[in-house]
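S.K.: Take a look at the following structure, please.
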Amino acid sequence: MASKVSPSCRLVFCLLISAAVLRPGLGWYTVNSAYGDTIVMPCRLDVPQNLMFGKWKYEKPDGSPVFIAFRSSTKKSVQYDDVPEYKDRLSLSENYTLSIANAKISDEKRFVCMLVTEDNVFEAPTLVKVFKQPSKPEIVNKAPFLETDQLKKLGDCISRDSYPDGNITWYRNGKVLQPVEGEVAILFKKEIDPGTQLYTVTSSLEYKTTRSDIQMPFTCSVTYYGPSGQKTIYSEQEIFDIYYPTEQVTIQVLPPKNAIKEGDNITLQCLGNGNPPPEEFMFYLPGQPEGIRSSNTYTLTDVRRNATGDYKCSLIDKRNMAASTTITVHYLDLSLNPSGEVTKQIGDTLPVSCTISASRNATVVWMKDNIRLRSSPSFSSLHYQDAGNYVCETALQEVEGLKKRESLTLIVEGKPQIKMTKKTDPSGLSKTIICHVEGFPKPAIHWTITGSGSVINQTEESPYINGRYYSKIIISPEENVTLTCTAENQLERTVNSLNVSAISIPEHDEADDISDENREKVNDQAKLIVGIVVGLLLAALVAGVVYWLYMKKSK
């Protein structure tokens, strides 16, 4: 339990003070302590045999002593002086080691351990140093943006509650920034808290940015001294938005596509490489000397071929800073003559033309009844098989979706034409009479028989193909008969008759007409024979010329 020193003891002690001596070999001794820790100060004196008591004091700035702790060597009791700043913070051990809890900046003093005997006083001084690590530095009051080629405050680096005061350093991309007139200015300030005596240090940075500072990190650090020496703490990195003027303008077409065709909607987009980017531009269209003021986009709808040309955009305030692009609007025109539904007579001539006008070479395809033709149709003499639905189709392969097509529905009409044939069955019991009919629209066939005879099969008709079909009957005439075939359509009524002898009288059969398919085969064979003959003639001619030249050279 601590108690005050009695007046009589103080008197004895004061008399002894004048005789106090510093123990030889004991110089200055320093104890380093972190703020808030316990300060431990050993006495550093050998305890003499005739020790009366030990005592601790500290010295004021003017050198006057303040006693704070007393311990008797006999009673083993500890007494603490009534010093408010050390109330409940002191502890004096049996070996006269003094401990001070919760170290403060005010504890930075010269403390002295005193051991008192009957005839002497020994002293051992200790210097206490207290250190407080500062808070992590942070960059505050940051500029929302920086502008190139302008010296502007970037921010403040602040570090709080340090002792002693620290030193702040600025960095750009890890490299130390030094003051440079007109480019880098650094202002340092420190403040001390009257209560805690802790320092707050602040460094303000003014910086002239360039475009090379884009996305560059800025940091700061505080360097301070602690119990174990010098240390440095770094702030978080900060990246600043750098404003810089536009130096280049670009123009592009949206949406990006390989080719533009008539009817498309296109959007021109103009961009500047400044920060922030320009929000408005002047757009110049082909054939229009006056520009159009717009946002960074300008849209043209349902473009036509006359929109082909050079397009330009520029800054509002700098017309010479511009960009241009050439746009080609592809087109494709098709004209089919004749087109639609056309009705012609068999044997007529029909010229057909499909005319193409396009921005590039176009492909042309002819179709008939959904079957591709090898070449464009040409009709010098129309046949029934020429009738059908013709389509001329064209496209630009490089331009997606650019196709055109026109159609021609050809109708070939003709009056009914009749040819009758007869054929006797090999058994000799019946005869087949066939009525071959050509015509369009399809003629209706009617049979009339004059005379007596047995009709086995009266109504058997073939399919109607390419304006032709036939009807046949099988009869067994008992006497000579006449068969009449009538074919009628909207154009005309045609009648033809054929006399047929009785079944008992032999007669010459008439062959059927060659079918269209067989007729084509015959024509192909004829062409082949002609080709072979012409080839042989040419070979003979060449051989004759070679022989003549040989004979002439020999002579």
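Any Cβ shown, glycine's included, is placed from N, Cα and C.
Model, not experiment: these values are computed from the prediction.
Annotations per TrEMBL:
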- 125-234: domain 'Ig-like' (DOMAIN)
- 245-328: domain 'Ig-like' (DOMAIN)
- 347-409: domain 'Ig-like' (DOMAIN)
- 416-501: domain 'Ig-like' (DOMAIN)
- 1-27: signal peptide (SIGNAL)
- 528-550: transmembrane segment (TRANSMEM)
S.K.: Counting each residue once, how many in the domain 'Ig-like' (245-328) are helix, strand and coil under DSSP?
M.R.: 3 helix, 42 strand, 39 coil
S.K.: For the domain 'Ig-like' (125-234), jot down how many residues DSSP puts in helix, in strand and in coil.
M.R.: 3 helix, 70 strand, 37 coil
S.K.: Can you tell me the mean pLDDT for the domain 'Ig-like' (347-409)?
M.R.: 92
S.K.: Determine how many residues of the domain 'Ig-like' (416-501) DSSP places in helix, in strand and in coil.
M.R.: 0 helix, 62 strand, 24 coil
